[in-house]
Amino acid sequence: MRLFVAVNPPEPAVAELASAVHDLRALPGAERLRWAERPGWHFTLAFLGEVDEALLPELTERLGRAAHRHPAHALRLAGGGRFGDRVLWVGAEGEVETLRGLARSVIAGARRAGVVVDGTHSFHPHLTLARSGGGRVNLRPYVAALVDFRGREWRAERLELVRSRLPGGGVPGERPRYETIAAWELGR
Ligand code: 2AM
């Protein structure tokens, strides 16, 4: 099964972001972007890819330990950026170092459980808002529109192991479905 490990912002922070995204969607070219669906907005700490179900018991054990070792921490959604012209994201401010440490433990734990985790990219906390489909869209105006976005503070308290089911029917524009299959309170 296809898995990733994430932290999800709580509803009040999501609602503020939704209002900023509503404005972004009025910018030129917005209809050509694939917008991530609001219920799935998350910070990916590690993308695990296809994981053999046999590894799940050890993986969940190790992720639970990683969650235990890092405290709940204060974050806010703030600013924006892009990965080339492919991905538009909103960033995080606050106790980001704690989130980074958690991501490192998650990756190390997953590896010890036998999962092959791509380690070529350094962890860059971001919540993906939109991806460019085939059509090239200049993302700079979107990033500029997010510069002043600074949401309320919230506490990252939960680590989640999420299953991603890719759309099967080949329906253009269909999004993956996310399902949390295990979760742990941080620092407990
Ligand atoms: P992204 O937000 O930067 O696109 C579920 O697909 C999550 O895992 C997404 O948030 C995605 O990050 C992340 N991810 C990281 N590497 C990925 C990959 N190779 N394929 C799909 N998703 C990946």
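Placed from the backbone N, Cα and C atoms, the Cβ positions cover glycine too.
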Problem set entry | Given ranges 26-29, 90-93, 102-105, 126-129, the stretch to which TrEMBL attaches the annotation motif 'HXTX 2' | 126-129
Problem set entry | Chain residues in Cβ proximity to the motif 'HXTX 2' (126-129) (below 8 Å; excluding those fewer than six residues from its ends, i.e. six or more beyond) | 9, 17, 21, 24, 35-36, 41-44, 77, 80-81, 87-92
Problem set entry | Cα distance (Å, whole number) from H126 (active site, proton acceptor) to H42 (active site, proton donor) | 8
